[in-house]
Number of protein chains: 2
Amino acid sequence: MTNTASIIGGGVIGGGWAARFALNGWNVRIFDPDPEAERKIGAVMDNARRALPMLVDVAMPAEGTVTFCETLEAAAEGAALIVEAVPERTEIKHKVYAQIEAVNTEGIIASSTSGIMPTELQSQMVHPARLIVAHPFNPVYLLPLVELVAGAQTDATMIERAKEIYAGIGMYPLHCRVEIEGFLSDRLQEALWREALWLLHDDVATAEEIDAAIAYGPGLRWAQMGTMQTFHLAGGEGGMRSMLAMFGPCLKWPWTKLMDVPDLTDDFVNKVGDQCDRQARDLVPRDLERIRDNNLIGIIRSLKQGEWGAGAVARAHERQLRPEPVAAAPMITQSRVVPVDWTDMNGHMNEGRYGQIFSDAAETIMAAVGADDDYVASGLSYFTVETTIKYLKETHAGERVQVRTIVTEGVRKKLRCLHEMVRASDGEVLATCDQFMLHVSLETRRTCEPGPEVAARVAALAAAHEGLSQ
Amino acid sequence: MTNTASIIGGGVIGGGWAARFALNGWNVRIFDPDPEAERKIGAVMDNARRALPMLVDVAMPAEGTVTFCETLEAAAEGAALIVEAVPERTEIKHKVYAQIEAVNTEGIIASSTSGIMPTELQSQMVHPARLIVAHPFNPVYLLPLVELVAGAQTDATMIERAKEIYAGIGMYPLHCRVEIEGFLSDRLQEALWREALWLLHDDVATAEEIDAAIAYGPGLRWAQMGTMQTFHLAGGEGGMRSMLAMFGPCLKWPWTKLMDVPDLTDDFVNKVGDQCDRQARDLVPRDLERIRDNNLIGIIRSLKQGEWGAGAVARAHERQLRPEPVAAAPMITQSRVVPVDWTDMNGHMNEGRYGQIFSDAAETIMAAVGADDDYVASGLSYFTVETTIKYLKETHAGERVQVRTIVTEGVRKKLRCLHEMVRASDGEVLATCDQFMLHVSLETRRTCEPGPEVAARVAALAAAHEGLSQ
């Protein structure tokens, strides 16, 4: 049986919930009095339909139905879960819960509030036991975190049911065990935001500079480890205890606008240190450093794709480092180490990445014959038609490899290369690739003759490499 | 001519600087009186030698020399840049600068301090004009951010020279134009850390829960956009101004331990809104949402590699969704959309990723014949020896594709598959792959016969698929 989720309130958050549930196969009924709601939610749904299925390497379930209802009652009736995502005003929320309770006595009522305590939210309900907070993060369809909070009158089994529901739609339910305003995540986010607003207010820095101070540094760490584990590692071999000994005094200096900080008594330092050790489980700082580095490499490399933030910096560095291709025979078309995101769990370079390094090698050849970025921008390029790869030896993350390339055919539309990937340390051949390309018009997407200069350079390269392939 | 950097102080930060400079071809001279310094820095260097070259897709320059000096003077003499990375005590730093000045009158002196003002640091120097702050982030060899701060007596050209130096070693120099304690990044980080320490102190949450509240949600956003741009997008179509209107009142609620917040006057709201608009340049929120989503997809997918944080959540979701393989002929061995990190700048699926999807398809076949994770753990597997891929049609990010596989040979050590990748919407064949695998012992890394059950299932599959390949 298909589950039904009801979404009351269709802003950025309500729309995100609608998308995450529907794309995970739930039927969704939405109520929002805003006449623009359908258009706004439609825009969020479009983003989500494009983005969420890309996260996983399998097919998503068939999308559930998405229905816009005329009344709150029609949306809420019979739903297993009613998501409340209306403005952060307690009196509005109380009214919404009363309307829900009039037609639905069974479903979990989950408020998306960013920080109002569930005890306050449920205070006027007839059946308060089924109210929980389930606080998500924008974009709701991509970010896994959802904070679950029970109020004083919430039935404990509701949190367990909710955990199952949210895990089932690909989320990470974090049970905030102690009820507190702002829960956990928003307290941390707001502390940072307040400081950011002061910096901007006092003309210390612009919005862009304040953001750069996060996104090129600490933010990259926070995508994979929180502030506690990050500082546990910054303490070096002594972990968090060293960190508190080194920087504890600074916490008393005027380094933030707001200064109150817990006293770093021995008891408190031990409490923090013990919890950081417990969090690390059997991983010593050296293990965690390796994990952190692997994660950072993957994150920064992923940002190279769109040349954004730290990825743009890495690309710029790469351009500085890229050598001019040398017209040797064979030509050295790739020289690099195998990065950790090219490998499987055992550290072996994945089969698929052999195709990638040979494709990168072909780009070096293209650049060398003048079929470079400008040429591609002019509407002409080479497309690969067929490749045959022979896998001879394994290779591992961190190993330095080179690709040597011979142009074996370069007549008219045809460009054929024989690539050899070798281990840099001893020249052992790890794999070969016979790659056949045809020259194409990017406009018609059909083959055509290359420009005269490219044709001449391809022919010259083929002539220079003649006889090398045996 | 090779540049020389001098590193005074060899902890986690000094070691990170030594690694980043040396791996970018600078000669490095280190002084640290700690008898353990060489071992500690060696450990950081080992991490860096493994990690930094993986960031770029080209070869790094030849590594510079790394020399441990007996005296500070020997390390500092003649260096173009002297990095000070000693403990955060002003009197120690003043003494170090005096020693440097006795032997080096030309080089830039760059303090790694996390927050002491350069005006104070340079106050006792003979040539204070060349002192700057260059504040990095751990791990220094991977994170691009370095905050540059001038003191009252610093020569403005020093900041420009420093920008070039740090950009040349792959960093993002952020000039903090207004001198303030803690600069920008540490003020923001400390605000968050203070709140985190209070939450732990008051037993609201454990270190692990506090970290989860960042790493599964806001931290993923901060790896690619700071808090200002993030909230600009959370405001929906109205951007930051809507966000301030919605959440401004909450800033006055007791959602953090420390409550002081700038008054949200019209003037201030406009100032923040204007700066967010300027930061966005010609990108409207809809464009930025698309960029953010692409970045988040790439980041979360990169974390799947090591099954860490949000990546572990996505993997778990994938396992829930993975269908049982159906013994159809041909067998559907992949069903997914093309993710954005598989495509080039034009949104076309990269040549190399065709190899990956066919490799993934082969894993489905292996699982179907019983050569699954347990079988691999027992020391047996299939290795691909040769693949021939024919590229027939282009495909794009977001397109739903399937792979249909026929086992064309399944005798003794041999397993041969013919894969067809088709567009899910109309069944058009996009590419084919003839993949030849041999059964191997993972212990000897040589071919051997499969176990009897696997052999029988391979033979059965080959028999069921017989005649389908024409």
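Every residue, even glycine, has its Cβ placed from backbone N, Cα and C.
Taken from TrEMBL as is:
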DOMAIN    B:5-176  domain '3-hydroxyacyl-CoA dehydrogenase NAD binding'
BINDING   B:Gly9, B:Gly10, B:Gly11, B:Val12, B:Ile13, B:Gly14  NAD(+) binding site
DOMAIN    B:182-248  domain '3-hydroxyacyl-CoA dehydrogenase C-terminal'
Interface-proximal binding-site residues, chain A, C-beta separation under 8 A, candidates B:Gly9, B:Gly11, B:Val12, B:Gly14: B:Gly11, B:Val12
Cβ neighbour count (within 10 Å, all chains shown) around B:Gly14 (NAD(+) binding site): 25
Helix, strand and coil counts within the domain '3-hydroxyacyl-CoA dehydrogenase C-terminal' (B:182-248) (DSSP): 52 helix, 0 strand, 15 coil
Other CB atoms within 10 A, centred on B:Ile13 (NAD(+) binding site): 25
Number of Cβ atoms other than its own within 10 Å, given for B:Gly11 (NAD(+) binding site): 23
Residues within 8 Å of the B:Gly9, B:Gly10, B:Gly11, B:Val12, B:Ile13, B:Gly14 Cβ centre (excluding the NAD(+) site residues themselves): B:Ile7, B:Gly15, B:Gly16, B:Trp17, B:Asp32, B:Ile41, B:Ala85, B:Ser112
Neighbourhood of B:Val12 (NAD(+) binding site) by C-beta distance under 8 A, where only residues 6 or more apart in the same chain count: B:Val44, B:Asn138
Which of B:Gly9, B:Gly10, all binding-site residues, has a Cβ with the fewest other Cβ atoms inside 10 Å: B:Gly9
